[in-house]
Amino acid sequence: MGSGWSSEEERQPLLGPGLGPAPGTAWRSREAAAAAAAALPAAAGSPGRVYGRRWLVLLLFSLLGFAQGLVWNTWGPIQNSARQAYGFSSWDIALLVLWGPIGFLPCFAFMWLLDKRGLRITVLLTSFLMVLGTGLRCIPISDLMLKRRLIHGGQLLNGLAGPTVMNAAPFLSTTWFSADERATATAIASMLSYLGGACAFLVGPLVVPAPNGTSPLLASENSRAHIKDRIETVLYAEFGVVCLLFSATLAYFPTRPPLPPSVAAASQRLSYRRSFCRLLSNLRFLMIALAYAIPLGVFAGWSGVLDLILTPVHVSQIDAGWIGFWSIVGGCVVGIAMARFADFIRGMLKLILLLLFSGATLSSTWFTLTCLNSITHLPLTTVTLYASCILLGVFLNSSIPIFFELFVETVYPVPEGITCGVVTFLSNMFMGVLLFFLTFYHTELSWFNWCLPGSCLLSLLLILCFRESYDRLYLDVVVSV
């Protein structure tokens, strides 16, 4: 994990010289790991201990991710209302979503901070950026031009919090949780950020009225003022939630437990520079990283402008919000369930991903063909749109924690934060490129729908060709035994 434990003695790896994998290498076989474990003294073979406070740490981190996702997706579900209240253009709406992936540009600086200074400093900085961002959006100014700039600045600051809340989940789970709880903790910490984005589909359309839902007896200016007041209510509420979380994190969020929970948590990791060399030279990692980054990046960008995509097929803002909400919520629930299953049945991560992406390819193809009902003559109803979108969200979102665990297992002993930072950076770059093209081709969105089944099929093929390994897990098992 790159940082030491609480004393000089504890900073030494449990696997002494000659017993662990050589620097820059991992276990080459189970026999080698077993031989190293047999040579360990009895004290070193202790499986470690876990603390009850780990659940409080997980809760605070997960809620912070929830709030960041909620703030990021504030504007997509209410884009029609935001146009009328603040004079946003299609470019503005896309850019408000685009600040999320743009915030990942300094991703590796946050991962360096996580690796060197630990969770507390990194999480405090992240939550402080969110306080600044949400507060900037709440400054009362009558000048619409300046107000739009403040909103864009606030979204950028919130986007800068993304690298931590989306990358640090495996780092947290390894630092605080035992081997049979790691996948579950990773799933909870990573899924809550997506659940926050899902709640934006629910909160925004329910609190903020759509322009065509305003009373016709009101003058145009009064209608705009009413919508603007409701949007500001949402902004103030989000600001209050973020301030509360920042205060809780400042009061209690330890960097690490007094003792490591597992052998892998205490073992020596590669340096920051050697980790990048290891990742970029590992073809298996690059293969599985693309299998994650391409479809998840496409899906994230597609979800962020779901209201815009469904407008041509005459889906209301409220219905689009419910479709986005249930697609992500279903993925979060199934993702946590899958991770818990993976904790019980170890060594099945590749098989789980193959099943999930087979379903994602079929459901995304169904949605795309349904939107082309004038050609395919498939029934275009609320039921079919709900079913295809929800299934797509379930299959793709539930794969995220499984991917994270597989990344860490594949490149161990590279630190978890650096590994997940690389793949989420790639994912956000794919999302950013798609949203950039969307700003120029927003009048014709059928190409965006076709990106979904294409990316899912490509990922399915990459996973099928991937050769899995479980070096970190096997190290914990043989040493603990």
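For all residues, glycine too, the Cβ spot is worked out from N, Cα and C.
Pulled from TrEMBL, these are the features on record:
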- 1-25: region 'Disordered' (REGION)
- 55-72: transmembrane segment (TRANSMEM)
- 93-113: transmembrane segment (TRANSMEM)
- 119-139: transmembrane segment (TRANSMEM)
- 187-208: transmembrane segment (TRANSMEM)
- 234-253: transmembrane segment (TRANSMEM)
- 283-302: transmembrane segment (TRANSMEM)
- 322-339: transmembrane segment (TRANSMEM)
- 351-369: transmembrane segment (TRANSMEM)
- 385-408: transmembrane segment (TRANSMEM)
- 420-441: transmembrane segment (TRANSMEM)
- 447-466: transmembrane segment (TRANSMEM)
- Query: Between the transmembrane segment (447-466) and the transmembrane segment (351-369), do 3 or more CB pairs sit under 8 angstroms, pairs being 6 or more residues apart?
  - Reply: yes
- Which listed range (119-139, 234-253, 283-302, 385-408, 447-466) shows the maximal number of Cβ pairs under 8 Å with respect to the transmembrane segment (55-72)? 234-253
- Message: Below 8 Å between Cβ atoms, which of the listed ranges 283-302, 322-339, 385-408, 447-466 makes the most pairs with the transmembrane segment (187-208)?
- Response: 322-339
- Task: Look over the recorded stretches 119-139, 234-253, 322-339 and say which has the most C-beta pairs under 8 A to the transmembrane segment (93-113).
- Result: 119-139
- Please check if the transmembrane segment (385-408) comes into contact with the transmembrane segment (234-253), where contact means 3 or more CB pairs closer than 8 Å and the residues in each pair are separated by 6 or more positions. no
- CB contact flag for the transmembrane segment (447-466) and the transmembrane segment (283-302), at least three pairs under 8 A: yes
- State, in range form, which of 234-253, 283-302, 322-339 has the highest count of Cβ pairs under 8 Å to the transmembrane segment (119-139). 234-253
- Query: So what's near the transmembrane segment (283-302) in sequence-distant terms, Cβ-Cβ under 8 Å and 6+ beyond its ends?
  - Reply: 97, 100, 309, 353, 357, 360, 392-393, 396, 399-400, 403, 406-407, 410-411, 419, 422-424, 426-432, 434-435, 438, 448-449, 451-452, 455-456, 458-459, 462-463, 465-467, 469
